[in-house]
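Copied over from TrEMBL, here are the features:
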type	residues	note
BINDING	D112	UDP-alpha-D-glucose binding site
ACT_SITE	D112	active site
BINDING	K246, D270	Mn(2+) binding site
ACT_SITE	D446	active site
TRANSMEM	640-664	transmembrane segment
TRANSMEM	671-689	transmembrane segment
Amino acid sequence: MAGATMLQLQERVLLPRTAWKLADLAVLSLLLALLAHRAASLLAVTAGGAAPACTWCWLAALVCEAWFTVVWLLTVNGKWNPVRIDELPAVDMFLLALDYPAGKLACYVSDDGCSPLTCFALREAAEFARLWVPFCRKHGVSVRAPFVYFSSSSGAGARDDEFQRDWTAMKSEYEKLVSRIENADEESLARRGDGEFAEFVGAECRNHPTIIKVLRDSGKAGDGNGIPSLIYISREKSPRHQHHFKAGAMNVLTRVPAVLTNAPIMLNVDCDNFANNPQIALHAMCLLLGFDDEVQSCFAQAPEKVHGALKDDPFGNQMEVFYEKLGFGIAGLQGMFYFGTGCFHRRKVIYGVPPESTDVQPTRMRVSPSHKELQKMFGSSKELIESVRSTISGEMFVTVPMVDLASRTDVAKEVSASSYEAATSWGQEVTTFCRFGLVYGSVAEDILTGQRIHAAGWRSALMNINPPAFLGDAPTGGPASLTQYKRWATGLQEIILNRNNPILLCISKHLEFRQCLAYLVLDVWPLRVPFELCYTLLGPCCLLANRSFLPKVTFCHHHIILAETFSNHTECRLSARAWWNNHRMQRIVSSSAWLLAFLTVVLKTLGLSETVFDVTCKEQDGAPDGGDPERFTFDSSPVFIPPTALTILTVVAIAVGGVAGAAGGPGVGEFVCCGWLVLCFWPFVRWLAGMGSYAIPWSVRIK
């Protein structure tokens, strides 16, 4: 209507946080004062003045502390522009009564393990959904994951007898579902007489043809239950072709839906996550469609929240401070990072289409590309090319013709073949701005892809809603936690060492300078290893060598950083115990997982090894060994060798320094530093000489 005011579906409001910024400036002045003191002391040596007790120790400390200051500045850059995102105004309450039309939803499940048990479980879940979805809508159930709902609801004190009867019947059906899945046998499923799982016979995890099964077609069901289509996909694997880990699976999950349903919006969720808010699709649409210019919202990323999170984050992997302090700050720059799960994407952005508002020459993806050009980019499938053409035309609300999904499985199998990407642009950068699908070249494919999207000029949105959009699992125990950190750090160092690192993207493309610095907060994780390891070793080495590396002042660099991180945790309403757990795990991770990741990528760069995609085990109930879930556990993995060696060195250094101390040698500061290390590595100290299932394995101690 002419002259009418357009109602915004969302709004970003910049938060000033003046006092917070003044505190950061005060911290910066203290850090610079310490660096100046060390530098002046070293310069005094060359001027013939009084030298510090150990020149090489002070020089090493100066280099390390200068690096820590740079990392601190990168972090502060990401925090300085926090925003509050307001969406779904009160006048639109009628909209909240809806979840989303089932006919516009299709669920694709990728099974890279090619397991008939997974396919069977999905089929059984689809049948259960015919009862579960109507129950949720009839009784206003907001928690749609049945294992969560039934574990937190007893049905007692029900508001009426009908609900009590329905709740009891539904819980019984759910228990039957769980029993059928848990008692199913993979081998017997593959050899069933009805041939439903015959395609799995003889299939190997890394060598099998594509298997696609339409378990439910909402266009044909016609039962009015509001259940979306459900399609099982196990892409072809062959020793002759690279499968590119999760990025390869995600690119198959981009192509297969393109020839079946071709929705303009895609949501990807990891297998250990579940939807915690039934209105997430509506919230995402407000973020993706609520801007005047679509360049502002190439994707909407939800923070990763942990279901059944252990109290006080004993393994330092719940990332609460990161999302609350850095997340909102990064959202005020070029936008939140892509974290590989809980993210709504515009399909055309995944196809490499640049935003129209970028000040660049038109690319092949912006103008109308020819059939031959599309074939070279996206492969030989005629159906996929037509799907891509309709997507890059920019039509968001094109009505997709209703088709029998089962009749198009042959086309879907064609685009999920292991050889399909050969001589195409999938996963590659082929023009100045275009890349197609998730980018290959790093096991941190999510961060790499997000960087490339932002480098094309797009902006992203943070979807922070209450209740949280998705909940997932976090690894518990030492081995699983460190394996996850090692994989992350390996992928991040691969990014830093290739042409897609944020510095080059900032110089040559459209990645904004402050967004580049924000990406470096994560990307330099493994590069922190040499400096943190050197600084950690200074204390024990000075005690053993009867030297000193700490200034004769009442505070040091480490004290300032500790005080600031403690303040961040209290501001995020976390306990002192949570702060301590995150601090000690950061010390353990940097000397174990990050160190091995650093060495792995160095060896790969030298051509001496290949990157391995480490799969993280995430247990839903209790500890991996059935014991205390908060206990730090060990195995014989090499990841435990460096921190064990560091623990032994520190304990020996304290003993030697206490006996052989002399005038002019180490002061109280060096002993406090080593004592602090012992506290950080206390799980290693405790089980170094212990026996039993929780002790450090003898193979690790000997090495």
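Think of each number as a place in line: the chain as shown, counted from 1.
Cβ atoms are placed via backbone N, Cα and C, with glycine included.
Nobody curates TrEMBL annotations by hand; they come from automatic prediction.
Checked against D446 (active site), the binding-site residues D112, K246, D270 differ in C-alpha distance, with K246 being the nearest. Counting every protein chain shown, 20 other Cβ atoms lie within 10 Å of the Cβ of D112 (UDP-alpha-D-glucose binding site).
Annotation for the recorded positions D270, D446: lowest Cβ count within 10 Å of the residue's own Cβ, D270. In this structure, the C-alpha atom of K246 (Mn(2+) binding site) lies 9 angstrom from that of D112 (UDP-alpha-D-glucose binding site). Each residue contributes its Cα atom, and for D270 (Mn(2+) binding site) and D112 (UDP-alpha-D-glucose binding site) those atoms are 12 Å apart. All protein chains considered, the CB of K246 (Mn(2+) binding site) has 21 other CB atoms within 10 Å.
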